[in-house]
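To start, the structure itself, in structure tokens.
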Amino acid sequence: MSDSMLYQTLQTCLPKSRLITLWLAFTLAMLIQEPRRHAATVNAATAGGSMLGDVNISAILDSFSVSYDKRVRPNYGGPPVEVGVTMYVLSISSLSEVKMDFTLDFYFRQFWTDPRLAYRKRPGVETLSVGSEFIKNIWVPDTFFVNEKQSYFHIATTSNEFIRVHHSGSITRSIRLTITASCPMNLQYFPMDRQLCHIEIESFGYTMRDIRYKWNEGPNSVGVSSEVSLPQFKVLGHRQRAVEISLTTGNYSRLACEIQFVRSMGYYLIQIYIPSGLIVVISWVSFWLNRNATPARVALGVTTVLTMTTLMSSTNAALPKISYVKSIDVYLGTCFVMVFASLLEYATVGYMAKRIQMRKQRFMTIQKMAEQKKQQQLDGVQPPPNPNPNTMVDHGGHGHGHGHHSHGHPHVPKQTVSNRPIGFQTMQQQNIGGRGCSIVGPLFQEVRFKVHDPKAHSKGGTLENTVNGGRGGPPVGPHGPGPQGPPGGPPAGGGGGGAPPEGGDAEAAVPAHLLHPGKVKKDINKLLGITPSDIDKYSRIVFPVCFVCFNLMYWIIYLHVSDVVADDLVLLGEEK
């Protein structure tokens, strides 16, 4: 119904005033509804255009599935597919010497061309970015990590993967992975070592006739975040290479990304090197302690040895059981030898002191008995024959007849007398070189004066000076036998007041240490020419000097040998 007809109908049915009111209300309502209808028309037109765009993109994606077989690689039967690879390392979480592996989180991107996915270029749709669901509908390289031990694909909050399809058919696939890969390590210079760990990329089934891998951006294909850090290591740099691997099933293309790590020395200096060095220094304290303080020195030596043993055990417990020697083993082993040598040094000092003390006691006993014997002779009392095989030997001064003028004598060596079962006769006093020496007892006895340790015999020293008597035989000195007397008679040299033997033979009849007691006094406190105190004095200098020299050689050699940088390494922070 038109507006004029509606107006005529209302005019016939309603009064004129009311008719005008209704007409104005109707006109006003039409004016209000006009903008709304215009907006609805505009929205409808816009919606129609957007829908057209959706239809075009969907049509492109749907067209990929027409006569497309994802089981067949691109250019099947033709040239191999070139797959470009790039990596960007986000973080490296661990590097284990025990497990020989390392864990890293990185973006892994692959680039290849599939002509079957090319489409006509349209404005605004040169590249299509689609979700990970689309990957199930197309062919993708069967890439895997050769030295992978464990991998993790991130799915929070959605699958961390996307696909980009270029209108020319170029495909870009990007995923985020966390991989634990094996890393064989050489711990010969541990803890000053540098390790080179790598990730190897290869096709699992396609040989080089089907797929060839390459670094897509040349030397800049691998990137490492500057925020990568490890507690015990620093990332020195990385390098990349492409190789061809020959297996029984054919030749395969392989890419390798190598990352070099430098171990930080701070932990090992604080926890191992400095404590072990201080333990060695503590072991030197025993050199300044009195050698008679046996409990203190033994306790100190044993404690340092056990502490070094514990430190070595705890250090090696955190490392793999390897057969070769590490640099830290050299240091700890040397420290252990040093503290053990300190303990043996006190054992040597104690042994020498004991031997010297025993010699002093024997000398004092012999000297005391000799003085008693001389006193009896001065009193005119002739001692009865000694039933013991051991007899006493006296050192007298100038004497005449059987009388002696005793002089104080130092310690004399050990004397041993052995009997010879042939009669008895008393030796007379002999004045030799102005000194009197009387040996009272059976003449058929052998008197031995033990001066030095038996080991001195190997050095040409005099072990024993022997005065032999028997059958009138002369005393035997260091120069050979003296004059012989008749059997059963008095010894050569006369009776009670006879003259002594002349010349060198007279002095040879008596041991030299009896003629020169001062020399005996000088050497009685030494063993092998040194005293126990000398050993402590020498040790106070020798041990520190040896340890300082060892440290200088150790740190200079190992720091120089271990400072090796891999060839063609791109240092961290120098990537272009």
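Backbone N, Cα and C atoms are what each Cβ position is placed from, and that goes for glycine too.
These come from Swiss-Prot:
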- 1-29: signal peptide (SIGNAL)
- 30-268: topological domain 'Extracellular' (TOPO_DOM)
- N56: N-linked glycosylation site (CARBOHYD)
- N251: N-linked glycosylation site (CARBOHYD)
- 269-289: transmembrane segment (TRANSMEM)
- 298-320: transmembrane segment (TRANSMEM)
- 330-350: transmembrane segment (TRANSMEM)
- 351-540: topological domain 'Cytoplasmic' (TOPO_DOM)
- 372-418: region 'Disordered' (REGION)
- 452-507: region 'Disordered' (REGION)
- 541-561: transmembrane segment (TRANSMEM)
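All protein chains considered, the CB of N56 (N-linked glycosylation site) has 12 other CB atoms within 10 Å. Below 8 angstroms of C-beta separation, residues 272-273, 276-277, 279-280, 283-284, 286-287, 291, 294, 297-298, 301-302, 304-305, 308-309, 311-312, 315, 532, 535-536, 539, 543, 546-547, 550, 554 of the same chain, each at least six residues beyond the ends of the transmembrane segment (330-350), sit close to that stretch. Beyond its flanks by at least six residues, the transmembrane segment (269-289) meets 296-297, 300-301, 304, 307-308, 311, 315, 328, 331-332, 335, 338-339, 342-343, 345-346, 536, 539-540, 543-544, 547, 551 of its own chain at Cβ-Cβ distances under 8 Å.
Recorded residues N251 (N-linked glycosylation site) and N56 (N-linked glycosylation site) have their alpha carbons 44 Å apart, per Cα-Cα distance. Over the topological domain 'Cytoplasmic' (351-540), the average per-residue pLDDT in this prediction is 53. Counting every protein chain shown, the Cβ of N251 (N-linked glycosylation site) has 12 other Cβ atoms within 10 Å. In this structure, N251 (N-linked glycosylation site) is part of a beta strand by DSSP.
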